[in-house]
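The block underneath contains the structure these notes are about, expressed in structure tokens.
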């Protein structure tokens with residue numbers, strides 16, 4: 001009975017993982033194809049089209065890697081060699097970091113575009129794509145240095161006799177790190193998450209403030225009373241706040257869980273896979 005219940009739970013969790021990944025791959029593929037099609041048709045691109053397409057591409061690669069890892073976690077009998085194990089886990093963590101970084105920079109870029117000409121940020125409008133590109137490259141190098149420990153810690157599971165391995169998939173595991181190394185990487189990851197999430201939150205608040213000011217000025221110029229129908233500014237504000245609030249909430253929750261799992265030693269369990277693969 002317990003075996004049947006465990007098998008049922010495993011199948012249920014596997015289907016949930018693949019459904020989530022499938023929805024993400026479909027959505028990002030459609031978004032990327034849409035922007036590619038618009039570019040091929042010769043439509044004049046907006047300033048945000050290239051960053052949005054780039055974010056969709058990063059998410060697509062990350063989700064494809066996640067599908068490969070999930071397949072090995074639930075279905076494979078363990079067939080990765082040392083190079084495949086290190087490369088797949090490293091690339092997945094790297095692209096997940098780029099996903100958070102690119103989404104944050106997209107939020108900053110949108111805030112710069114919306115800023116009025118009288119703002120100090122208006123000077124950055126023309127050069128912002130280049131400056132944000134340099135900043136993105138810097139963060140990519142920083143994330144690579146943080147994730148480099150995977151190239152040492154990740155090993156294939158076959159023919160390994162270590163007791164305290166942290167199992168990632170059926171084919172790949174993590175060697176236990178020393179307490180000082182764990183706290184070092186946890187501190188770096190926490191600093192990264194606090195910085196990126198904080199910057200995204202500030203950008204969201206700035207955009208919300210600009211939209212509220214624009215709505216107030218429009219009503220004053222038109223001498224109109226509040227209409228029960230939502231204005232374009234209100235709809236844009238609700239959309240921005242809803243999306244960013246959800247992203248910030250999930251990122252914060254994921255960071256807390258990842259940090260908590262990292263500082264707890266001696267608990268080698270397969271449930272560490274989502275946080276170990278995505279941190």
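Using N, Cα and C of the backbone, Cβ positions are placed for all residues, glycine too.
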Recorded membrane side (Swiss-Prot) equal for residue 15 and residue 132: no
The annotated transmembrane segment range in Swiss-Prot, which must be one of 73-93, 94-114: 94-114
Winner by Cβ pairs under 8 Å against the transmembrane segment (94-114), considering only 20-40, 50-70, 188-208: 188-208
Disulfide-bonded residues compared (85, 172) - the one with the fewest other Cβ atoms within 10 Å: 85
Averaged pLDDT, computed only over the residues in the topological domain 'Cytoplasmic' (115-134): 67
Residue distribution over DSSP helix, strand and coil in the topological domain 'Extracellular' (71-93): 16 helix, 0 strand, 7 coil
